[in-house]
Amino acid sequence: MTTNYIFVTGGVVSSLGKGIAAASLAAILEARGLNVTIMKLDPYINVDPGTMSPIQHGEVFVTEDGAETDLDLGHYERFIRTKMSRRNNFTTGRIYSDVLRKERRGDYLGATVQVIPHITNAIKERVLEGGEGHDVVLVEIGGTVGDIESLPFLEAIRQLAVDIGREHALFMHLTLVPYLAAAGEVKTKPTQHSVKELLSIGIQPDILICRSDRAVPANERAKIALFCNVPEKAVISMKDVDSIYKIPGLLKSQGLDDYICKRFSLNCPEANLSEWEQVIYEEANPAGEVTIGMVGKYIELPDAYKSVIEALKHGGLKNRVTVNIKLIDSQDVETRGVEILKDLDAILIPGGFGYRGVEGKIATARYARENNIPYLGICLGMQVALIEFARNVAGMDNANSTEFVPDCKYPVVALITEWRDEDGNVEVRSEKSDLGGTMRLGAQQCQLSDDSLVRQLYGASTIVERHRHRYEVNNMLLKQIEAAGLRVAGRSGDDQLVEIIEVPNHPWFVACQFHPEFTSTPRDGHPLFAGFVKAASEHQKRQAK
């Protein structure tokens, strides 16, 4: 089987939406019956984004096999059925780390190790490995053409196109086509210069995606085609839209998938986008709306919670309601009090690290519990709910996590020192372990209690969810908390770790150690988020009476 590659680059400015464009194109090709996957190549020197600040980089998306990856992989999984893995994302840091390890072992037999051929060969090997078994692979190159960091990746894909044959390789370039109000027209010169920059590297784009706040007129697209040496039908206008789920239809309407299939000589049926049309219909025709407060510490960059925000929207689609998300800084709860939580239909506390703002989260969990407001806690959101219950219901004054107060009297949350990974191997950690790549990561099995709310929501007794944490409920103190009324609704497959807790005498209070947002999609949603949004809607109706 021959694998075809589409290399996706961006020019002029960053944040044009390469990830959304690649994912949308992949969704169309998948709808034509093709086996598609997407890769993201990041030029930064970090080995992975696992230890990067969420405020700088956005969320860390965790794959089933436990890789900590770029948030674009979340977009990929929300648009296509193919599951991402550690093969779908790698960085400059990972490449250099691998090459230097080989050099130390003597694998290069005394050769002078250089960017060309050693670094570029390592990049090509990983791209080919990630594409095995697929009809089409989209490879997104992070950054902007012209960045010094991107040069080894651009050189590698230039070589790769020659290696596999140009009949199996396409270059798709996203550029900005700005509209100047003073002139009353869009300007194509930035696109021309961006393509010129690509040509200087040896890459002639085959497809140009023109990003603008409005549709790029046909005469301007013809002008771009002429000056950039690209067929006119391969100059695609991608205007701003009110929903990213409209992009597949926008690209298909301009024949992009037909052009690609002809170039690759792929015989496949027309794309059926009815599932996406249904998503767009549900999004545009809600029967109501709810307001959900998300209390976190990284709210100045919403992308830090990208998958959670999307999962809440998916929950809204499943309930035919619009979800208005109010981002609340947990430190504001500490300084201004729980008054700022009034008028919310539900409260969610997402994952996070560090002591800053944690008391505000604990106060938020208490407010939700005592006022019968639907509550969903994720990762740290479960831990603060447990700490709050231990302090205020179980009589364990000053209960805390050893992450925040190492010598606290009641360490109800503590470091996991031992667990089994996805392959069944025992992992061991201590306080002295490195921060990077040392958490309990990836898909893990969870057994649900028969009498639990989550058992009803999932409709199954065993589930698999993705994790990213190094602290867990302390089983040594669990019995005292359970005796006070807290329900353990889910445990790990080996019965060693608490995965889900519930407050039984509450309309809807669920907190989980795993990250359900990573498996929520617009077409399928997720049981927890669908149930949570439904509970928010029901709470709103009760309050209106």
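In case you wondered, yes, glycine gets a Cβ from its N, Cα and C as well.
The feature region 'Amidoligase domain' is assigned by Swiss-Prot to 1-266, with sequence analysis given as support. In the predicted structure, the region 'Amidoligase domain' (1-266) carries a mean pLDDT of 95.
Look at Swiss-Prot and you will find Ser14, Asp147, Ile148, Glu149, Lys187, Thr188, Lys189, Pro190, Thr191, Gln192, Lys223 tagged as CTP binding site, backed by sequence analysis. Within 10 Å of the C-beta of Thr191 (CTP binding site) there are 28 other C-beta atoms, taking all protein chains into account.
As annotated by Swiss-Prot, UTP binding site applies to Ser14, Lys187, Thr188, Lys189, Pro190, Thr191, Gln192, Lys223, with the evidence given as sequence analysis. Within 10 Å of the C-beta of Lys223 (CTP binding site) there are 18 other C-beta atoms, taking all protein chains into account.
For the recorded site, Gly19 (ATP binding site), the DSSP three-state label reads helix. Same-chain residues at least 6 positions away in sequence with a Cβ under 8 Å from that of Gly19 (ATP binding site) are, in sequence order, Lys40, Asp72, His75, Tyr76, Glu140. The feature ATP binding site is assigned by Swiss-Prot to Ser15, Leu16, Gly17, Lys18, Gly19, Ile20, Asp72, Lys239, Asp240, Val241.
The annotation Mg(2+) binding site is assigned in Swiss-Prot to Asp72, Glu140 on the grounds of sequence analysis. In this structure, Asp72 (ATP binding site) is part of a helix by DSSP.
Taken from Swiss-Prot, the feature domain 'Glutamine amidotransferase type-1' covers 291-542, and the record attributes it to sequence analysis.
Marked as L-glutamine binding site by Swiss-Prot on the basis of sequence analysis: Gly352, Leu380, Gly381, Met382, Gln383, Glu403, Arg470. Sequence-distant contacts of Gly381 (L-glutamine binding site), defined as residues of its own chain at least six apart whose C-beta falls under 8 angstroms from its C-beta, comprise Leu348, Ile349, Pro350, Gly351, Lys361, Ala365, Ala511. Gly381 (L-glutamine binding site) carries a helical DSSP state (H, G or I).
Proximity of Cys379 (active site, nucleophile) to non-local residues of its own chain (separation of 6 or more, Cβ distance below 8 Å) is seen for Pro350, Gly351, Gly352, Arg468, His469, Cys512, Gln513, Phe514, His515, given in sequence order. Taken from Swiss-Prot, the feature active site, nucleophile applies to Cys379.
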Distance, Thr191 (CTP binding site) to Gly17 (ATP binding site) (CA atoms, angstrom): 15
Cβ neighbour count (within 10 Å, all chains shown) around Gly17 (ATP binding site): 18
Cβ-centroid neighbours of L-glutamine site Gly352, Leu380, Gly381, Met382, Gln383, Glu403, Arg470, 8 Å, sequence order: Gly351, Phe353, Cys379, Val384, Ser401, Val413, His469, Tyr471
Distance in Å spanning the most remote Cα pair of Ser14, Asp147, Ile148, Glu149, Lys187, Thr188, Lys189, Pro190, Thr191, Gln192, Lys223, given for CTP: 31
Which listed residue (Ser14, Ser15, Thr188, Gln192) has most other Cβ within 10 Å, given these are binding-site residues: Thr188
